[in-house]
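Read the structure below first, then the notes.
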Amino acid sequence: MRLLIANDDGVFAPGIRTLADTLAIAGHEVVVVCPDRERSATGHSLTVFDPIRAEVVSDRFHPRIKAWACSGTPSDCVKLALGALLEQPPDFVVSGINQGSNLGTDILYSGTVSAAMEGVIEGIPSIAISLASFTVHDFQPAADFTNRLLKALENAPLPPKVLLNVNVPALPASEIAGVVITRQGIRRYHDLFQKRVDPRGKTYYWLAGEVVEEYPQDPNQAPTDVEAIAQNLISITPLTFDLTYGQGVQDLTEWLRTVQPLFNL
């Protein structure tokens, strides 16, 4: 298959190198377009007031891989690849392997997930894959799982407009407990801004904080991605770009009937 690979950790991150090389060795036609530097937590931002530059990268990936390092955001990378760099559209966009999980509300900030979502917006099935650790650097189990997942999706394709957000425990493959389909969990942060002063006497702030994970127990629903990783399971969460709250449409329709006279329309 033709694969476009992006990330948000940048061209020198070991996760994207392991992923791209593994998929190229498996026989896929791989193109990498990723940021030229660290771009984590940039969300789905695009560069609209500056030029975007893309430089060919050599001697970083497997010899069969074409690669560019882009000055823009992760979403820029996918948009530029699809609109200008690639001769043919890919069969899949794969974003990762991210250093650190993308669970719960992380997905709203994640450049990794946003790069994959850009593919879905353009009508291309996409996968975001993350290793659930900031300190473990063995990306091979996650890369091997991605290869198997792509084979499965080739035989049984995704429905349209679906992104698979995959989180892999940072464990040897033999210690991973299995694979489960999950829903988005709750993972918040108790933010803390550290106030500091630079050498010129100017005040600045450094964002820190603690992760707060919730484990709601509901036997009538699928487990959450947060629960799955806590149980050493690979989490696969289907996402889409439609953020409409379905029940809210019905509730607000009823609400509008009650307040309609106040609008004088």
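Note that Cβ sites are derived from N, Cα and C of the backbone, with glycine treated the same way.
The divalent metal cation site recorded in Swiss-Prot includes D8, D9, N98, and the single candidate from S40, S71, S75, S126 that the record places there is S40.
The binding-site residues considered are S40, N98; of these, S40 has the fewest other C-beta atoms within 10 angstroms of its C-beta. Those same-chain residues not listed among D8, D9, S40, N98 yet with C-beta within 8 angstroms of the centroid of the divalent metal cation site C-beta atoms are N7, G10, A13, G15, E38, R39, P74, Q99, G100, S110, G111, T112.
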